[in-house]
Every structure is written in C-alpha cells, then in structure tokens.
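Student: Dumping the structure here so I can ask a few things about it.
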Amino acid sequence: MGDETSTSASGSAQEPAAPAVQGAGSVKQQISNLVALSLHATVPEVDVEPIVEVCTGKFGDYQCNNAMGLWSKVKGSGTSFKNPNAIGQSIAKNLPACDVIESASVAGPGFVNIVLSKSWVAKRIQDMLVNGIKTWAPILPVKRVVLDFSSPNIAKEMHVGHLRSTIIGDTLARMFEFSNVEVLRRNHVGDWGTQFGMLIEFLFEKFPNWEELGSQAIGDLQLFYKASKQRFDDDAEFKDRAQQAVVRLQGGEEKYRAAWKKICEISRNEFDQVYKLLDVQLEEKGESFYNPYIPQVLEKLSSQGLIEESEGARVIFIQGHQIPLIVVKRDGGFNYASTDLAALWYRLNVEKAEWIIYVTDVGQQQHFDMFFKAARMAGWLPDPKEKKFPKTSHVGFGLVLGADGKRFRTRSTEVVRLGDLLDEAKSRSKSELLQRLTENGKIVDWTDEELEKTSKAVGYGAVKYADLKNNRLTNYTFSFDQMLSDKGNTAVYLQYAHARICSIIRKSNMDVEELKVSGNISLAHPDERVLGLYLIRYAEIVEEACTNLLPSVLCEYLYNLSEMFTRFYTNCQVVGSPEEPSRLLLCEATAVVMRQCFQLLGITPVYKL
C-alpha cells in the first residue's frame, strides 16, 4: 500500500450475505461472494475469508485456495474431512447453483478451479455496452479519500521533477473517482516558507511602487527568484531584512500580506497553464491554509505528553528512529512536520477523510514514516496490523533520468521546464504524424485542427504513459524516441491499436448502437473467449491498482488487452464473416474498455491515425 502505510483494510469476516452476483463490483468480488457461501456451508464452525485468485493454469478461470488453510484449522478436531483435497471437493460441491459458473474441479491439495459460463461472460459484456462502462466500477471499502499530489513551491517553476507527482496523483484520483469514491484533490503548495521574506524584501527594494506596476514589477518570476536568492546569499544586511520580512508576513502585516498574495497569484497562474496542458484538476490548499491550526494541534500533542524539549527545539521522539521529529524549531518557527500534522488533523477531523494519500518522491519516505508514527502515537490512526480506517499512505516514486543516467536536466544543467517538455513532445509527435500521412498519401484527409488535436493527444499521452507504465518506485530514463515509438509498450502503439479497432467498426457499415440492443455476443472461438474473459476482468484490475496505489497495473492491463485483441482479430475474421455482428460487439467492447483505460490515465484517445 505505498511505501509506508497503515495497510489495506479488508474488513472482518461476517456472516455471508446472499450473493449479488449480477450486481455491481468486480467478477472476482462476485466469485468471492459465491465462495463465501460455499465455505459457510462446508465449515460453518470456522470464520474464514474467501481466497480467490485468477487462475493461471488451463483448468479454470478463477481458483479458490482456502482448502489447505482450512485443513490446518480443522484437522485433529474430529472433522470428517480426511485431507485438504476432501475440503476442496466439498467447497466445489457447495458452490451455489447459478448462471455464473459453468463447472468446478479440484486439483492437488484442494485447489478449486472455477470455469465461468461463456454465456454469462458474454451477457456481462453486452450489459456493459448497453448500460455503460461505469457499471463495471469496482466496490472499494472507502467513501472519501484525500489525495495530496503535485505540490510545487510558489515562486519556483514546475519542472520535470513535478511530472511524476502530478500525473501519478491524477491517475490515482481518476481511478478512485471511477470507483465512486469522493476524492479531495489537494495541491499542498509551498506558499509559506522563508523564501517569501527574501522575495518580498527584494520586491520592495527594486520597486517601491510595486503596487502600481502589479505583475510587471516581477516580470519573469523565475529570473526574479534567482536574482533575489543571489542578493540573499551575498548580502548579510539584506538577509537580515528578509528574515524580518518573514516574521512580519506571518504576523499578518498588511503590506507584506499584499505582496505575498501578488507573488502567489503570478506563480499560481503559471502552474495553471501546465495543469491545463496536462488536463489535471486540483484544489489548492497550501501550507498557509493550515498555519492557523498548528498551535492548537501542537497543544493537543503536548497535553498527551508527546512533545518534549530537545536542544532548544520541541520534538516528538519516534521509536525506531535515531533523530526526533522536530515540530517547533529553535527560533520558535514551524516547519514541514508541524504543517503536515496540522493538515492531517484537518483532513481527519474536518474533511472526514478515510484514506489520506501523499504522492511525493521516495526521498521523503523517512519523513512520512516518522510523521505517520507520530499520528498513531496520538491515537489519530489505528495500528496498521488492525487493517482499519482511517489510514495514511505515502506513494513514493523514483527519479526521472537523462540518457547519461543522471537526473534529467537541460544541457545548461537547468531543470527541464515542464511546459517546454510537453511542447517538445507535441512538436515531435506532429512531425512524425505529418511524415507518415504524407508518405501514405492520406494527408489530404486531415484538417489542420485534426492534426493539432491528434499531435497534442499523442504527444502528451506518450509522456504520461512512459512514466505511468513503470513501477513508480523505480527511476526511469526519459527518451522522446522511445516514448513516441509506435512499436512496443508505448502510448503511440496503443493509440494506433484503438484507432484500428475504430476503423474496423467504421468499415463494417453496421450500426453498432443498434447491434448493442438487437445483437448477441457469442464466445465460441477460443480467442473470443480469452478476449471476453480479459475484458470482464477490468473492474478487478482497477480495484488492484487502487488498493496497491500502482497505476502501472492499469497500463499493463491496457497493453495486454491490445495484444489479446490482435490475436483475436488475426484468428477470427470480423467484417464479412457469419459471426460479424457478435465480433463487432467484441471490437466495440474492447474499444470502450481501452478508452476508459486512457481516460483513467489522463490520455485523450484518438479515433484515426
């Protein structure tokens, strides 16, 4: 569940309810409902959760793996079962009769292999086509989540280092939202640090009439920041004035507050341009928002005896860590830990969040480990072993590297501006698209608007997918050539796969919307069944990606789905075949699921390439 987490809640075992197998939730959840009933009938005296996994062998689609665990609990207790296999046989026999399961068999020490009914799989796909992909949303054990992501520092530019936090956080938010969870998308921007004294004092010095000049006084905020930092480092007298300016700002002096607001406004407008390009929605609640809550939160912790004096600072000693968590600095100022504790208190008590998720680089793992433990010491969070809510998770991610294996930078060793990176991706995408269309003579079929929209969708999508497909904990090498390739596991390849499916449907000249209502899906051919079975696994894939906070799980599914469709299309003629209506519906279902995957990944699908 992230790097440091109060682990996933699965709930305690309860009396099995009637199986809602035709209702909402993933197929795996529905099979688990049936297995729960069987387990209750098989060993009514034992309280046990179903263990159901996707079957990797050729003897079933799903597998119940409870028998061996049950045998260890009941052997020697006068049970009539002779071995785990006998328990497995009983579990298979006690599975309720329904239209979901075609057959069940037992292998080895009680593994129950379950084969799904082809007609039920087909019906589930057709129901989705009629009622929408939202009917395949998984059921998660939370109702409200706070996702803390992106979080750049005011007055500093968003660069490639912010890319991962922003798009990983956005994809997690989209997946939870698809799963009917309320997501509070929080941008915890750094808008209250010591750099503001430096910036404000520099502004007053350079432009005494800054209020008349407005944004023009600052101009390029990045250059302004660098100039003020140089002044801060070189001039001790200016440094003293800057530090006094922080005190005046935090004390609420109007002149300083007004300058602070103007700097934040300029910076925020620059952030918003990048968020618009990335199609990312966030609600800003920066460090300054939580500042008024810090004293009362620290007072609560002090009254519990958690805060101690140490070398002039106020700290919380955390078991397992050699250094303490500093919550008040020697000079009496607050820091990240005090702000984070106040923010967590607010999120738990005011926003009533059940799961608070922080998306930052892995370098902050120790901070979050200490911060979460402090919250548990205060009784705000349960012990992770209890698997209860509320809980917290740190979603760590690795670095973006250049071709030299070092942190990705420009030739001048500057960090790469995120806006420039996205513009470059779109430009390269457009060049390759123009070349391809010119070579195959199809350029005449494209308008300038179509070229622009497609280049943007393919270019931005390539950048996002190249990041999200990796396990987020690892570093990855940024390469335009690799991410814009139309071969292998890339967004460009997947966009082509989706566009090809759309082309097949167009060429059929059949009304797919009418077919959804009047036609029927048949899964007679083995490759039809494999594709159909993988399609209906969509909900449990989203569930897994949400539970483990891993967008890469969804990327892997999307790529595998495109490969399975290719195998189906190679071996099963669609247009002009007797099975054309059924196979067109399978094509449409694949396109719908691919589009939903793209949507969750924040990628705009294209319909022709």
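Cβ coordinates are placed from backbone N, Cα and C, and glycine is handled just like the others.
Pulled these from TrEMBL:
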| type | residues | note |
| --- | --- | --- |
| COMPBIAS | 1-13 | compositional bias 'Polar residues' |
| DOMAIN | 29-116 | domain 'Arginyl tRNA synthetase N-terminal' |
| DOMAIN | 494-609 | domain 'DALR anticodon binding' |
| REGION | 1-21 | region 'Disordered' |
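For the listed features, I'd like the structural context: burial, neighbours, distances.
Tutor: Taken together, the residues in the domain 'DALR anticodon binding' (494-609) have a mean pLDDT of 96 on the 0 to 100 scale.
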Student: For the domain 'DALR anticodon binding' (494-609), what are the DSSP-based totals of helix, strand and coil residues?
Tutor: 84 helix, 0 strand, 32 coil
Student: Per DSSP, what is the residue tally for the domain 'Arginyl tRNA synthetase N-terminal' (29-116) in helix, strand and coil?
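Tutor: Per DSSP, the residues of the domain 'Arginyl tRNA synthetase N-terminal' (29-116) fall into 33 helix, 19 strand, 36 coil.
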